[in-house]
Amino acid sequence: MEKIIIYGGTGYIGKFMVRASLSFSHPTFIYARPLTPDSTPSSVQLREEFRSMGVTIIEGEMEEHEKMVSVLRQVDVVISALSVPMYPSQLLIIDAIKAAGNIKRFLPSEFGSEEDRIKPLPPFESVLEKKRIIRRAIEAAELPYTYVSANCFGAYFVNYLLHPSPHPNRDDDIVIYGTGETKFVLNYEEDIAKYTIKVACDPRCCNRIVIYRPPKNIISQNELISLWEAKSGLSFKKVHMPDEQLVRLSQELPQPQNIPVSILHSIFVKGDLMSYEMRKDDIEASNLYPELEFTSIDGLLDLFISGRAPPPTLAEFE
């Protein structure tokens, strides 16, 4: 059973990765910054919870090269779930992997758009370029890799688009970006994590791009809103934000506030997630493991109705 270390294992998607790794009985490690007096109680509690579940937490800085090399020599697979501001520090992970010499697979922090095949508005493009730099560095170092394009984090975007609550009791406005007809892919974070742990240890996925595009999870904003209205019993006022307004906001808002609107434009107006055909050497994740299945969008919304969905959060861009 492969030993897996997760960088960013206490972050939003990283927490799901850690739990998924444990669920498949992998010896699981986290490399994390040391706690400080300013650390939140929830951060302390999460580390205590993970330790009680058997996770080995190594505290250290990204610049501690020798420490990272020593830790990496104890594991087989490296998964980075670092947030956008930490993307460049993955070059330090690559250096440590090269020095360790034993890592069977590296999965960089991706899990969103397939960056080599789209060109969004400049603020989001600058984020994707940071990811491309990491990809090219991995390839130049000839490290065994898997690139995961997981598309939209399902609970994150349901929270963002529909702002639901466990027991909705009031009507609210819902913003529709563009016409609302553009198709995108919505995958529950728990499933993204489970498939990621599986592909990280699957020889078929070595040096390949794995795309999480289950046909049943391709949907438009209008379809998602209709499904939520039927399920919640509520009727929402729809407010359209046209293409031109998103473009203008991406130009006028300061950094990093211009990044989220550029992402919204990419996904919900341009349709970048569905803008390319799968190549013959791509792997579509939902075909890989008969014992696993992606949660349907209907099932995802049920989590919100029952109050079992992850709470709202916002991505960090600086």
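Cβ atoms here come from the backbone N, Cα and C positions, even for glycine.
Per Swiss-Prot, these features apply:
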type	residues	note
ACT_SITE	Lys131	active site, proton donor/acceptor
BINDING	10-13, 32-43, 84-86, 109-111, Lys131, 151-153	NADP(+) binding site
BINDING	Pro260	substrate binding site
SITE	Val84	site 'Confers substrate specificity'
SITE	Tyr87	site 'Confers substrate specificity'
SITE	Ile263	site 'Required for activity'
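Counted within 10 Å of its Cβ, the other Cβ atoms near Thr40 (NADP(+) binding site) come to 9, all protein chains included.
Note on the recorded positions Ala32, Val84, Cys152, Ile263: the fewest other CB atoms within 10 A surround the CB of Val84.
According to its DSSP assignment, Glu110 (NADP(+) binding site) is coil.
Here the CA atom of the residue listed as 'substrate binding site' lies 25 Å from the CA atom of Thr40 (NADP(+) binding site).
Sorting the binding-site residues Thr10, Thr36 by the number of other Cβ atoms within 10 Å puts Thr10 first.
Using a 10 Å Cα-Cα cut-off around Glu110 (NADP(+) binding site), the recorded positions Lys131, Pro260, Ile263 reduce to Lys131. Using a 10 Å Cα-Cα cut-off from Lys131 (active site, proton donor/acceptor), the recorded positions that qualify among Ala32, Thr36, Val84, Pro260, Ile263 are Val84. Rounded to a whole number, the distance between the Cα atoms of Ala32 (NADP(+) binding site) and Ile263 (site 'Required for activity') is 28 Å. Annotation note: Thr40 (NADP(+) binding site) sits in a coil segment as assigned by DSSP.
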